[in-house]
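Participant: Okay, here's the structure, questions in a sec.
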Amino acid sequence: MPAPQRKHRRGGFSHRCLPTPQTAMTPQPAGPPDGGWGWVVAAAAFAVNGLSYGLLRSLGLAFLDLAEHFDRSAQDTAWISALALAVQQAASPVGSALSTRWGARPVVMVGGVLASLGFVFSAFARSLLHLYLGLGLLAGSGWALVFAPALGTLSRYFSRRRVLAVGLALTGNGASSLLLAPALQLLLDSFGWRGALLLLGAITLHLTPCGALLLPLALPGDPPAPPLSPLAALGLGLFTRRAFSIFALGTALVGGGYFVPYVHLAPHALDRGLGGYGAALVVAVAAVGDAGARLVCGWLADQGWVPLPRLLAVFGALTGLGLWVVGLVPVVGGEESWGGPLLAAAVAYGLSAGSYAPLVFGVLPGLVGIGGVVQATGLVMMLMSLGGLLGPPLSGFLRDETGDFTTSFLVSGSLILSGSFIYIGLPKALPSCGPAPPPAMPPPEKGELLPAPQAALLSPGGPRSTLDTTC
């Protein structure tokens with residue numbers, strides 16, 4: 001006979017010791033609930049994304065004031081955002097590992113406190129080094145603890161509508177940029193850059209209650225106990241899978257150019273002759289296009305009409321072309337002009353970049369399975385940090401050498417196009433040579449893009465098969 005399970009009694013009730021925070025809710029559901037509390041988690045992830053990437057995207061409006069105050073170049077001030085992006089993304093596997101061990105709630109709450117302290121510390125900076133430490137290291141470390149656990153937890157709550165839920169959460173980036181870009185310009189005009197950073201620190205503290213909403217969820221396929229070794233907790237074994245390795249390489253190249261507009265879109269608009277509020281409008285309209293495209297593309301991807309890897313490669317390529325167009329827009333009339341051509345180019349870039357964003361995270365469960373999605377999210381953020389660390393400083397260097405950001409945006413777009421070309425090596429990224437047989441039943445949550453020798457598997461869209469071909 002098997003040994004009976006040990007039980008503890010407290011106040012007359014018995015309960016079983018559960019092995020990991022991700023399995024702390026009982027009874028265990030048959031699969032992701034595809035709704036319910038998941039929408040609350042989506043709202044929390046929406047706010048987390050807005051208070052991290054959205055805030056970082058608008059922060060470029062303060063760089064001219066910082067460069068003037070400290071008498072430094074555009075390349076020097078660009079290192080602030082570059083360090084913040086690099087620390088956030090390079091340390092994201094640490095946030096995923098801590099979330100796997102302790103649960104997402106405490107990790108995200110602690111991250112919110114750290115990010116807020118980074119802004120408060122930076123408000124009293126006496127040199128760029130203080131800003132590198134405050135915004136780059138401290139705030140970046142806080143953001144590293146919030147994004148991957150929040151988005152990974154959201155992916156566990158959804159299956160059929162997963163990409164739509166991820167797209168909804170990622171619209172926090174665009175919505176936050178839409179609100180914060182003009183608000184930050186107003187704060188800079190009213191209180192200076194020190195007062196603006198201090199107020200942004202108070203706003204960033206709202207990440208803490210967002211973390212409290214991330215309830216753990218037990219799912220079939222979860223490991224019976226959290227990984228014991230640090231390497232296993234980081235999920236480095238995922239690189240042994242060919243599809244994930246291809247995805248990782250392409251994503252690292254895309255990261256080299258994807259974040260340059262976050263830092264230099266507003267300065268590029270200023271270089272093109274727009275005033276401060278005109279540059280803020282360019283950032284805002286790009287954010288609107290970005291936010292709307294994330295929702296539309298999330299819905300489209302969940303229909304299952306086109307395989308996710310194919311959509312990923314297409315919209316990645318369109319994002320690279322969009323950056324080319326932004327860089328080649330001619331000089332506008334003057335500060336009183338609204339810069340119609342640049343606004344149109346910013347909208348086109350925002351639509352393509354927004355369509356790409358939910359696909360990056362939506363394709364992960366199909367590549368690694370639902371049990372590894374939190375770790376995979378952290379690794380993806382780390383890979384994008386390789387480009388995020390080098391992209392903005394390289395863009396600033398090219399601007400200092402050439403006198404404008406045209407070359408910067410052309411190089412950034414080329415990096416994104418290169419990564420999108422590598423995505424073609426993913427399963428189902430290209431059509432094959434014959435009609436595919438319809439799948440007999442929905443697959444378990446173990447990765448619909450993983451090898452399956454006997455039957456074709458469904459797309460995340462549910463019972464409708466992806467329109468694809470096979471030999």
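Every residue gets a Cβ built from N, Cα and C, even glycine.
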Participant: With TrEMBL as the source, which of 246-269, 366-389 is set down as transmembrane segment?
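Facilitator: The range carrying the transmembrane segment annotation in TrEMBL is 366-389.
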Participant: What same-chain residues lie close to the transmembrane segment (366-389): Cβ under 8 Å, and 6 or more beyond its ends?
Facilitator: 32, 82-83, 85-97, 99-100, 104, 144, 147-149, 151-153, 155-156, 159, 219, 221-223, 233-236, 238-239, 241, 243-244, 247-248, 251-259, 308, 360, 415, 426, 445-450, 460
Participant: Count the Cβ pairs between the transmembrane segment (312-332) and the transmembrane segment (409-426) that lie under 8 angstroms and are 6 or more residues apart in sequence, then report whether there are at least 3.
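Facilitator: Judged by the Cβ rule, the two regions touch, with the required three close pairs present.
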Participant: Under 8 angstroms, Cβ to Cβ: which one of 36-56, 131-151, 274-300, 338-359 has the largest number of such pairs with the transmembrane segment (163-184)?
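Facilitator: It is 274-300 that shares the most Cβ pairs under 8 Å with the transmembrane segment (163-184).
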